[in-house]
Amino acid sequence: MPVGAVILNKDGEIVALGNNQRELLKDPLGHAEIVAIKAASRSIGAWRLDECTLVVTLEPCVMCAGAIMAARIPRLVFGAWDEKAGACGSVWDLIRDPRALHKVEVIPGVLEQECAELLTQFFAQKR
């Protein structure tokens, strides 16, 4: 699935990249966001990514939303909405739940059409 993620530091510099690797690694946790968060933690040398921004092509799922909050990432930017499994405003809004201990600013719909088209083309080729 063509989902990509990038983590930026407070100066807008790339700290880490991630892409969906579930099929490649046969790993159910191999979502682009998780791959990028792990790489950023290694790069920075800390689990708290509290000065970073995560940018991803598709709205994160429940697992990834939880990882974003656990890593203390303060800002999420995403392109396409995930009307089947999104957890940042479409199906659920876990990431902005007022009961959550960590608050995340969510900036949705950035290059939404372009991101959605990548997914549409991918699934059209699969059929």
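Yeah, the Cβs are placed from backbone N, Cα and C, and that goes for glycine too.
Whatever TrEMBL says is automated annotation, not expert-curated.
Sequence annotations record features per position, and here TrEMBL assigns domain 'CMP/dCMP-type deaminase' to 1-90. What TrEMBL records for His31, Cys61, Cys64 is Zn(2+) binding site. Among the features that TrEMBL reports, active site, proton donor is placed at Glu33.
In this structure, the CA atom of Cys61 (Zn(2+) binding site) is 10 Å away from the CA atom of the residue listed as 'active site, proton donor'.
Of all the binding-site residues listed here (His31, Cys61, Cys64), the one with the fewest other CB atoms within 10 A of its own CB is Cys61.
Distance between Cα atoms for Cys64 (Zn(2+) binding site) and the residue listed as 'active site, proton donor': 6 Å, as a whole number. On the 0 to 100 pLDDT scale, the model's mean across the domain 'CMP/dCMP-type deaminase' (1-90) is 96.
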